[in-house]
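Student: I grabbed these lines from TrEMBL:
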| type | residues | note |
| --- | --- | --- |
| BINDING | ASP7, ASP99 | Mg(2+) binding site |
| DOMAIN | 4-124 | domain 'PIN' |
Amino acid sequence: MKKYVFDSYALLVYLQNEQGADLVEAMIEEAQNETAQILISAVNLGEVAYIIERAAGTKKLNEAMALLETLPIEVVNVNKEFALKAAKYKAKNPIAYADCFTLALGVQTGSQIVTGDPEFHKAADQASIIWLPEKIKAN
């Protein structure tokens with residue numbers, strides 16, 4: 001069975017129907033067909049929540065969370081051991097702390113990380129990564 005760990009980037013691409021959403025949707029369909037497992041850390045789910053609420057408000061956040069509840073995505077809670085593993089990755093890598101939870105979960109479970117976040121290039125030698133298209137930033 002394939003195993004994926006979604007970074008917040010992957011869920012946001014899917015929820016906002018951005019470039020790469022079709023790839024994320026295909027992985028979700030694999031999980032619905034029980035040929036794949038999808039995980040996300042609770043920290044990264046929280047990241048998705050605050051980004052949506054900040055950009056679009058509480059109503060859109062509630063709609064997004066209701067949709068996510070219907071998807072075959074397992075939210076992995078953070079305990080002390082998990083937090084300390086993420087901290088080790090943060091100590092060794094110049095990436096965002098929330099990204100370290102994705103990295104730790106991917107390595108711990110032997111899953112492929114799904115992201116388009118360019119920060120992960122700094123840790124690409126430590127995990128298997130499926131790259132989504134990067135967002136083009138406006139100047």
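We number each residue from 1, going along the chain as drawn.
From the backbone N, Cα and C atoms, a Cβ is placed for every residue, glycine too.
TrEMBL does not curate its annotations; it predicts them automatically.
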Student: Within its own chain, what residues at least 6 apart in sequence put their Cβ under 8 Å from the Cβ of ASP99 (Mg(2+) binding site), listed in sequence order?
Tutor: ASP7, ASP117, GLU119, PHE120, ALA123
Student: Could you give me the DSSP helix, strand and coil counts for the domain 'PIN' (4-124)?
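Tutor: Looking at the domain 'PIN' (4-124) with DSSP, the answer is 80 helix, 17 strand, 24 coil.
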